[in-house]
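Written below as structure tokens is the structure these notes are about.
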């Protein structure tokens, strides 16, 4: 909103400093600072309100150290992250940008699904919360929206550079050094010729049906990352801190992929209008860091499914629109290993029960962070070490820009 306001003012006046709103770097920094302030300011007041209203989730007895102390801590803190991300984005971003619209839809939609889940747990006293099938329906709906938008919107393109490229637009023939291409290509990390075209994955499938395969893949990615973030949210500060690290990396990737100079220098896919996403990313990072102010050990508030489902969907959609979704197992390695530990635990238990009649466990408890708790590690040490691993994975993800 402020972008359009100051653009309008600048058209009729020459007030010094107004032109700075044209720069993405300034608006991204402003969004980060504002989101941090909003989350800290709003967090303090919501904690008081939630405690007064007894908005807290029942704690399952898992025989973990310090578990009983968390019974009185309010939940639904994801509202803080969502508000602190959405408000700065509305103020500083170009709201007509298709990528900004997709991310706003994603965080609000999955935040609403998570809110309903938390509401049922808190006010209906049902520890199961929203039935899993309804969460899946929400994730599928978001995947369909994202997939169809990226395929059928005319302004979602990549720009290919060359020399003397003939471009036909509106019946006019021009010679450029680039052309905008409507494609479903993505990036494969660590490979020299690192572009993968989804339309060539199934060569025997008619091209007019390729969008169905693409949408199904988008649904899988969004569901996987969203549930991964949800599983990771088991220790104070773990999901928020990890998400801030991932969000910072995605902000850098969005900016360089949407900047013609950096993209050509790094020889990566250039996506017009994508750099605007850096504003959403920095707002998201600021919101997560501000939430950590109250969520680090010992936590004063939990994000609940309101936060974890929204965070996971945002990270997934960001990776998809930046065309870095195949990097998710590396960049979101913490979410990935937490999810994998649950799959291994359940699968191994079922296998041993079927084979030997007695179910055995691979880990002392899943997800993986609870395994380390059972081994006697303090909660804050586990979280800090997971953050360190997350930082290393983020650096490796950025290294893929040049290492091929």
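In case you wondered, yes, glycine gets a Cβ from its N, Cα and C as well.
Per Swiss-Prot, these features apply:
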type	residues	note
TRANSMEM	30-50	transmembrane segment
TRANSMEM	73-93	transmembrane segment
TRANSMEM	100-120	transmembrane segment
TRANSMEM	132-152	transmembrane segment
TRANSMEM	209-229	transmembrane segment
TRANSMEM	242-262	transmembrane segment
TRANSMEM	274-294	transmembrane segment
TRANSMEM	301-321	transmembrane segment
TRANSMEM	326-346	transmembrane segment
TRANSMEM	381-401	transmembrane segment
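Distant neighbours of the transmembrane segment (209-229): 110, 136, 139-140, 142-144, 146-148, 150-152, 184, 198-199, 201-202, 239, 243, 308-309, 311-313, 315-317, 319-320, 325, 328, 332, 335-336, 338-339; these residues of the same chain sit at least 6 beyond its ends, with a Cβ under 8 Å from one of its Cβ atoms.
Scored on C-beta pairs under 8 angstroms, the neighbour of the transmembrane segment (274-294) with the top count among 30-50, 132-152, 242-262, 301-321, 381-401 is 30-50. The listed stretches are 30-50, 132-152, 301-321; of these, 301-321 has the most Cβ pairs under 8 Å to the transmembrane segment (100-120).
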